[in-house]
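Engineer: The structure under discussion is supplied below as structure tokens; questions concerning it will follow.
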Amino acid sequence: MGKVEFSGKRYVIDGEPVTIAGGTLQFFRVPADAWKDRLLKMREAGLNTVDTYVAWNWHEPEKGSFDFKGETHPQRNLVGFLELADELGFYVIIRPGPYICGEWRNGGIPDWLIDEHPEILAKGPNGPLPRDIYYPPITYLHPTYLEAVGEWYNAVFPVIRKYLYTNGGPIISVSIDDEPSYWETIFQPFLTDYNEIITKPGGLWEKWLEQNYTLEDLRRRYKGDFKDYSEIKVPTSFSEPLPKLIDWHHFKLWMINEYVRWIYERMAREFDVPISILDPYLLQVAWRHFFTYMREHNLKIHVWTEFWYSFYRSSDFKEDKLGHIYYKTGIYRYHVRKAGTPPLSIETQSSLAHTIDPTEAELLYSILPPLGIPNINYYLFVGGENPEGYESHNGITWDVYSPVGLDGSERPHFGVIKALSETMTSAEGLADAELRPKVAVGLYEPYEALNLWGYEGLEESTDLNEYLLGERGLFTLLAMSNTPFDAVDLEDVTLDELLSYDQLWVYSLDFMSREVQDKLVEFVARGGNLVILPMLPRYDENLEPYSSLKDFLGVEVEREKARRNPRLIQFLSVSAEGIDRMLVRNTVRGVRGGEPIAFLGEKPVGAFVRKGGGSAVVLGFRLQYYTSHHDLHRKFVWKLKELQGVREDFEVTNPDMIVLPMEGKGYAYLAVTNPRGHPIKGRISYRGLEVPVLLDGIELKRRGTLYLPFGVRKGDVEVAYATATLVMWEGDVLTFRNHLSGHSEIALKGVESVKVSGGKIVDGSDGEVLRIVIEHPGEYFEVELL
């Protein structure tokens, strides 16, 4: 029988590394007589894996009546679908819930269960929530709910087990629930959950407090004279102390963790293939709580992620989304590397949009592998329709611009997926190459919750979507400044890990834990380079005065409250050496101490400090992404990198060419992207090698990405470099793709002559390195080694 393992970034199936190229086909929404055609279209697109949900309420429409063979409806034939996928050579990822989301009635939870046991429903602070909302939230840890889930698993698990890859079937992974996030209510602090099992004396809230704090801790933290845990009620408004609100948030994360553990242990008794989960909490920085819980309880779970940018509107993935995707992949890389599991984007948006521009689709899909995610599943790859009575968001339709439509037609981004999937599953060493940024951004997890809530009780704005994560945020500025970055959790990361970076950027609000402030002090003292903005923390995690970082740096940032209302914020001009009137938004604070490096008029608003073996840049304003003729914001980032001695391994002559270097053992691929879409041309220097030599530049006619090989070797032959993507190297034939230019330059070592198919040689030079320029009318051409 087969074996499913993993190594590095890839799955290992029967001893062979496999890069997952998958697509979601929800068999219960597609006519059964069309399954084979749709699967064949997936294979045509270069896919090797099919992903599907198994909806509880579809297969158990009435309590105790199960159908997995299509006896009551042909689209309930789970067994037939699995056998067909196996016959056609697909791997299968299966997601049996109990909750599947999927824009499906109740997210898969049966109506009969809710009707019979309304006590399982989550409650608001004032009682029950409306019953007719599209996903009625359920109290995860309610014993009645868990008992019902157990009965569902008793029915569906034997079917899944029979078709596991380890039993000769196609299933290589089984997932836990779907995006466990308290039915997406985790984003709102007081929407849920006030179910009696949580709020009653001795309930789950009280239990969690006892496990995490002494009463003395809570007296200090919540500013109350408590004699017993039962006196500490669940918060219901922002009038409560902020530390208590953050604890309420963390308590709900803990309930999710406990629920996931219950499901995992149930699955682990049945399945010997990887058990997976998608985006726990639907948060990012909070993932630390999940990964820590996994380590503490020895849960061997593969954590997947997802990327959505245009939900029910036309596609919108241009350069101003790069910051968010760098950030999300960064924190994801941080955790999955430590967990040792392969990164996989299980829901990479390929549908649920009015239209999807193929160049924007390419930008999203092609940026994921260089950012550490070679395994990509496209959701929803095949469109369908909802059986009557099971619809949720979409009425009858479940074809919202999928690559393969309900009628089997192919939409424009089908070809984009095909090209990338074929490259990622065949290019020599590409999937294993690693991004190794010299810069990191440090994230402090409590800020994430305040941003979600729109919390307004601090001096600094908590609108991190505007100033950090969003289209105009700092992270997009860094990405568009050719500054690849990792993302690290400041509460979890070790000092040695921080010191492995040449520069650390930190966005600070009024408070930061004592431990993190002290860690940043030690980081600078031991030689680290810190950039911190737009203030320095003055309080600790309990909102008690604490300012070890400020005291160590000897820098004072003046106190002035930031504005929240977008109609009331200021537009101000900050200048620096070589920077004349750079636009910044919202309050600009004066900075005293250190060497002034930025000014608002005559007032210093930025300072450079050398301390211990390191340095710090302290800014009293927010840096954001703006594009203009003067390009001041990118120039300011480059200035700060130069000030602190940060040098990338690559340089570009055109700053709109965005580069992500992926390095393997003795070789590299440079992902070179045109994110804006207008034609650009330029040269790249990588570790001292400037390319191209014969052409006058690398041309990128439109939005898109090339994966340029450097030093890729087989035997005595080496691709020294190429200005086209190396798709495949089979025997003596190298297949290249360049869809962004009609001319490509290839440099080979260990070769005297070549034959070109799909193009013609129009220039060349020989010697130790054979260089040729190929003019090719199509995207693909082949170079045969003679």
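Cβ atoms here come from the backbone N, Cα and C positions, even for glycine.
Straight out of Swiss-Prot:
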type	residues	note
ACT_SITE	GLU179	active site, proton donor
ACT_SITE	GLU347	active site, nucleophile
BINDING	TYR53, GLY102, GLU103, ASP178, GLU179, GLU306, GLU347, TYR379	substrate binding site
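What's the neighbourhood like for these features in this structure?
Structural biologist: Contacts of GLU179 (active site, proton donor) defined by a Cβ separation under 8 A and a same-chain sequence distance of 6+ are given as CYS101, LEU278, ASP279, PRO280, LEU282, GLU306, in order along the sequence. Look at GLU179 (active site, proton donor): DSSP puts it in coil.
In the three-state DSSP reading, GLU347 (active site, nucleophile) counts as strand.
Take the CB of GLY102 (substrate binding site) and look out to 10 A: across all protein chains shown you find 26 other CB atoms.
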Engineer: Neighbour count first, Cβ atoms within 10 Å, every protein chain included; then name which of GLU103, GLU306, GLU347 tops the list of recorded positions.
Structural biologist: GLU347
Engineer: Which binding-site residues from the set TYR53, GLY102, GLU103, ASP178, TYR379 come within 10 angstroms of GLU347 (active site, nucleophile), judged by C-alpha positions?
Structural biologist: TYR379
Engineer: Around the substrate site (TYR53, GLY102, GLU103, ASP178, GLU179, GLU306, GLU347, TYR379), what further same-chain residues have their C-beta within 8 angstroms of the site's C-beta centre?
Structural biologist: THR24, ARG95, ILE100, CYS101, LEU278, ILE346
Engineer: Tell me the Cβ neighbour count for TYR53 (substrate binding site), meaning other Cβ atoms within 10 Å of its Cβ, over all protein chains shown.
Structural biologist: 24
Engineer: Might you list, by sequence position, any residue in that chain lying six or more from ASP178 (substrate binding site) with a Cβ less than 8 Å away from its Cβ?
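Structural biologist: TYR53, ARG95, GLY97, TYR99, ILE100, CYS101, GLY102, GLY107, LEU278 - these are the non-local Cβ neighbours of ASP178 (substrate binding site), listed in sequence order.
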Engineer: Where the record says TYR53, GLY102, GLU103, ASP178, GLU179, GLU306, GLU347, TYR379 bind substrate, what is the longest distance in Å from one Cα to another among those residues?
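Structural biologist: The span, Cα to Cα at its widest, is 16 Å.
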Engineer: List every residue in the same chain as TYR379 (substrate binding site), at least 6 positions away in sequence, whose Cβ is under 8 Å from its Cβ.
Structural biologist: GLY23, THR24, ASP51, GLU306, ILE346, GLU347, THR348, GLN349, SER350, SER351
